[in-house]
Amino acid sequence: MAGAGPVSQKLPSIVVPQLLSEGGRFLKWDESDANCTFHIVEVDPKGHVLSWKPEDYSKDTEVLELVHVRDVRTGQYARTPKAQATKEAIKGFCAFDNEASAIQERTVTVVYGPNMVDLTFVNFVTSSISEAGVWAKHLFRCTNNLLEDNASPLKCLERFFTKIYVQKNQDGEIPAKLLVKHFATGKDDKKRAYDMMSNAGLAQGKRDFIKVKDFTFERFLTFYNSLVTRKDLDVIFTDLGAKRKPYLTADQLVDFLNSHQRDPRLNEILFPYYNSQRANGIIQRYELNKDFANKGFISIQGLTSFLMSEDNSILLPEKLQIHQEMTFPMAHYFINSSHNTYLTGHQLTGKSSVEIYRQVLLSGCRCIELDCWDGKGEDLEPVITHGMTLCTEVPFKDVLEAIAESAFKTTDYPVVLSFENHCSAKQQKKMANYCLLIFGDMLLNKSIEDFPLEKDVELPSPKDLKNKILIKNKKRVIKETKSQASVELTGQQSVDSGNVSIPLDTTIPEEPTENDGNDGEPEVEVVQKSEEEEQEEVEAQQELSELVNYFQPVHFRGFDKAEKFRKCYEMSSFSENAAMNLLKESPVEFVNYNKFQPSRIYPKGQRISSDNYNPQMFWNAGCQFVALNFQTLDVPMMLNLGKFETNGRCGYLLKPEHMRRKDRTFDPFVDSMVDGVIAGTVHVKVISGQCLSERRCGAYVDVEMFGLPADIVRKQYRTKVVQNNTVNPVFDEEPFKFKVIMPHLAVLRICVYEDNGKLIGHRILPIDGLSPGFRHIKLRNESYQPLCLPTLFVEIVTKDYVPESLNDFANALTNPQKYLSEKEQRAKKLEALMEEGDQEGGTEGGKVNGNNKPTGMINKDGAAEKKEKTSVMKETIHESASVPTRVGSMPPRKVEDQVKETTKRSISQGNIKPTEEIIIKADLNSLLSHKIYLKLNSKHNAEMNSLVSKHIKELGKVNKEIDLESKRRRSIIEKEKSTTQKRYNKLLKKAEKEGTYTEVYNECLKEIGELNDKQDRSVEEVVKSHRSKLKEMFQIYYEEQLSLAKSQVQPKIDELRKTLKVVEASDKKKLISQHSRDMATLKNAQDLDRSNRMKDLSKGFKDPEELAQHRRRENKKHVEQSVKERQKLQSHQETELETLTKEYEDLSVSFDEKHSKDVADLESLFRDKVKLLDTQDLRTLTPKLLSADCTIGGGSG
């Protein structure tokens, strides 16, 4: 799958300035601790880790891998302490007056965390503003580095070694247990680790210390290799030719590199084969035994180092850098996109955050969403929040400042801001002013001269828009009339011009729709204003509208109208449901639409937990902005992070050529090879793992493929579980095999799990960037940060896909000499067999339809003739089994009797019965039980069961909430009753003395009764509210299940038609075959009958002339009778075939009626179920529309 594109940017390696490597004295403060302490902060010379330790060594050194640092800031965006004591300590250290920004200018804030929400901020303060600037600038360069993120296993071991090394104490020693805890947890494992450490000359026991002078990387490698033994590599080393020798020669290494490690499909000129010179270069670099190296030998240790090095990377290096052409229109790229970017959690109750905008942009996302609403404070500042929910708010201005600061820190390709604008005109004016003020020159507030906003003019390229921020918001065009101002909203209604003029006093009620151009935002405020106020609002709205150019949201008006108008600067947004329906109904049109016009996909409204849909299905359709919830690290989000890591992590990936070119048509549901695309096969053999987890547990590996529907393989390939060993488990599975129709769209996901199902790590690998051979794969965590030690060792084989039927042909092209040699050998063997057959059966048996060549002989003229001969030979053998023609195969009398019987049966008048083989014609029931249909039905049932399970789970949560609420309300009343009871107990004692006991007692009973009534009413109110909510939920669930069930009807009908075609083709083949046999039988019987008649004539006439005359008369009679019988048989056979065809056509037509009936039955069932909700106990009712025995649609629900 390897291939190279136009490399436009090389990846920079890390260079650590002397200032950082020598370290600096900083005042460190934490947000959770008011204490400030002086620390020595430094970066190791190779840029692996950032470490800090107290100046007085009062605490252990803290270490942070730089690949896990998300951001480094100083100045305006650095953190400031809240505690006054901390501020005073910093002020005293820095010796500055009380300035507002003085602390921030001297602070270096380091941000890290396992995801984009749970972040930790470490703050270092220096006395010099310039020093803080230098540290922040160069430290950030050390962090966001793709070469480090994709470092080889050998370099990761160096990083781990550095991480341990910098934790030396004041005496220059490292506790031995600090190293061992990363490799062993059990008692026996620790003992073994300490023994290996002793053998490596590092330390003698767990209480011992490692001297820094003894702790070299070479000794650490010795310790690592002895602890993490590689028996899997021993086997490979032996198989490569070492046998009993402790080395491989240079020639053996060359053979290994060319036969295993090189993609055989690569161009030999651009990617030449390995030779002795290149092999010796590898030996000199990785073989530590100098005697071996000088002789051109490589030991197993040297080979291991090479296999773990950057020279043996799993990914082609050019895939990491920006290697794709970036000058195509924006619509030709997949663009990393976020949905409701401001949220850090739940869609209804989650917190909004400014910080997450920074994190999303730093990760490479290039399209972020801002839901803008009117602020409610005194300043009336616009805010960002999820409207009409319990989500918190963040100031619009703060978000813009965060965007301006972070937009181009990791990549300089354009950012699109997707506004969902609910603000009033006045606050829209503020929004426009903030955009101009904060973004400045970064904001693209007018179209580029070479790319005017006109029909058929394509969008600018990412390269044209470098370092630019574009706004997606409703575009308003102002038109003045004599009577009043009016607003024209471009593309809002489906009119011939594409525009409609709407007076300002007109209200536009608009319901959010699934394919809405603005995710459901209102287009115009519903207000009644004076003429002056209206004019002011028009001008205010126009200010924001003028900032919009290349991404003008419009309602989707159909593929035909989009093609007709071809306004490339317009774009529509679709919920995943709407997009899925378009994909099902018009896949090719959807792909064509995305060739010139951008589309944005966002999660459906039911995903309130912020889970994500699978983005692959919409990438397959060429959708550019496939927006996901970045706060949720589920499989779809991991897939997104892995996919967009390539091409320099710039946020833009060029779509495959078939999805860009106007002259190409692409169907994302294609299940065969695509013209112009070389399909491939990938075989993945999972061999072993190294240091997968610090826990002692079992582990297993899943291998999945994402791509076109025909390429997707999930939950199918899993290794065995290796118990109680995560240090060096050996899986050694049989290869997992994948066929890939469209390699440029496909990715491989390899996941490692603990035996309890917890994810250890995973990796996403693009198929078109895979390097074949024996490779080590470094794993990533859920947020796609590299893990230091966990590694998988695999063997990958990549080939062009060749159908099994063409394997011989492909082998012949690959190695023609070998193929011809084998072909000649097979021909000689067949000749020998045919000679034996001729001797047994005479010359008659070797003939086929008058051809004197033996039927089994391979013709050297070409493969096509060979195939024809084989087909003819099979037919001949079949015919021979039905009607024996070789006289020597049985006694003559029996042959004659058999033919006479056949003749009588075949040519008796009015009694032709040629079809001996009974064909059981298919009906609907037999098709419904066919394995092809059952497979789809099983899949549909699984989808429905999954949806029902989800609904049951959600109902369980709601029922639990109502129980808790009822309990809470009862508890409140019970407390009131208890308090009342205690109060009246005191009053009753007093009343008993005063003689008013009865009156007070009655008052007590009355108040307690009122409280009981209050409790009953409160609980009844909850129950009533709960029942109403449950009914609403059941209706929603039934609607979702109905929608799913209805969406499954058409695929089932399509599958029935597909099954019918298979059965029809099979039945026709059987019938035609039987017809051929019967016609042959008739011909043979007629010929035999003629032969017998001629023999009888010879016996009856002695005169030659008379005999010849009778023979001519008999021949003529025979020919006329034979032709008549054959025509009659042929006519009968044609009628049979037509009848069979007609029956299947009628059956196919009935499928349309079945479709309508199934949909109607489903809707009727839905209505009946909804009616029953008023009479059923909803707390115990299962939300299942289709019962287990339901057969609507041809299968159980």
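Glycine is treated like the rest: Cβ placed from N, Cα and C.
TrEMBL lists GLU369, ASP371, GLU420 as Ca(2+)-binding residues, and of the candidates ASN340, ASN433, ASN445 the one it assigns to that same site is ASN340. TrEMBL lists region 'Disordered' at one of the ranges 884-908, 1009-1033, namely 884-908.
Every protein chain considered, the tally of other Cβ atoms within 10 Å of the Cβ of ASN340 (Ca(2+) binding site) stands at 25. The number of other Cβ atoms within 10 Å of the Cβ belonging to GLU420 (Ca(2+) binding site), over all protein chains shown, comes to 22. Cβ neighbour count within 10 Å across all protein chains ranks HIS339 highest among the active-site residues HIS339, HIS386. Around ASP371 (Ca(2+) binding site), the C-beta neighbours below 8 angstroms that are at least 6 residues distant in the chain are ASN340, TYR342, ILE384, THR385, HIS386, GLY387, GLU420, HIS422.
Counting every protein chain shown, 25 other Cβ atoms lie within 10 Å of the Cβ of GLU369 (Ca(2+) binding site). A Cα-Cα distance of 6 Å separates HIS339 (active site) from GLU369 (Ca(2+) binding site). In this model, the domain 'C2' (660-787) carries an average pLDDT of 94. Reduced to three states, the DSSP call for GLU369 (Ca(2+) binding site) is strand.
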